[in-house]
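K.L.:
So Swiss-Prot lists the following for this protein:
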ACT_SITE  C56  active site, thioimide intermediate
ACT_SITE  D63  active site, proton donor
BINDING   V78, E79, S80, H97, E98  substrate binding site
Amino acid sequence: MAGRKEEELKDLTLLGNQGTTYSFTYNPNLLEVFDNKHPDRDYFVKFNCPEFTTLCPKTGQPDFATIYISYIPDKKCVESKSLKLYLFSFRNHGDFHEDCVNIIMNDLIKVMEPRYIEVWGKFTPRGGISIDPYCNWGRPGTKYEKMAEYRLLNHDLYPEKVDNR
């Protein structure tokens, strides 16, 4: 199979060495997608994003997390540099942890329309408590909807210890 043609890459405006600008304001329009060349098979794409930061909506104090994003693409995949810049745009965004992971998932569903997606935020403890919100979604009316229900019900049967953060 040949590599990607220039025509396939024309809509990826953020990739490459072109003087990247970082947005400190939440901006879902930063997300870019490209065609999935393997739509005939199910496979997972997983992103581990250990440098996520956002602000507490009440105190303005910074919150830090590793965000895990896993999805089964359909026709589109998210481009990783655009995802990095998008996640960086949460830097001055004030929202609760639970809101952040749901916003991330909703924005990715909107641009990619995946078969299945899950987002798990593992936030560093503040005030002696860590918050690890998990959300997922499977395309309604398909096996992925059932998969989402199963994974939600079984996602944290063996919780990790927090001493690894």
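Just so you know, glycine gets a Cβ as well, placed from its N, Cα and C.
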K.L.:
Just jot down the residues in the same chain as E98 (substrate binding site), at least 6 apart in sequence, with C-beta under 8 A of its C-beta; none if empty.
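P.N.:
Sequence-distant Cβ neighbours: I131, P133.
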K.L.:
Checking the contact step here: among the recorded positions D63, V78, H97, which have a Cα within 10 Å of the Cα of the residue listed as 'active site, thioimide intermediate'?
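P.N.:
Close recorded positions: D63, H97.
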K.L.:
In whole Å, note down how far the CA of D63 (active site, proton donor) lies from the CA of V78 (substrate binding site).
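P.N.:
Between the alpha carbons of V78 (substrate binding site) and D63 (active site, proton donor) there are 25 Å.
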K.L.:
Are there any residues in the same chain, six or more apart in sequence, whose C-beta is under 8 angstroms from the C-beta of S80 (substrate binding site), and if so which?
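P.N.:
Spatial neighbours, sequence-distant, of S80 (substrate binding site): F47.
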K.L.:
I want to verify one value. Collapsing DSSP to three states, which class is C56 (active site, thioimide intermediate)?
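P.N.:
Where C56 (active site, thioimide intermediate) sits, the three-state DSSP reduction gives coil.
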K.L.:
C-alpha of E79 (substrate binding site) to C-alpha of D63 (active site, proton donor): distance in Å?
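P.N.:
A Cα-Cα distance of 25 Å.
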K.L.:
Counting only residues 6+ apart in the same chain, whose Cβ is under 8 Å from the Cβ of the residue listed as 'active site, proton donor'?
P.N.:
T53, T54, L55, C56, H97, F123, T124, R126
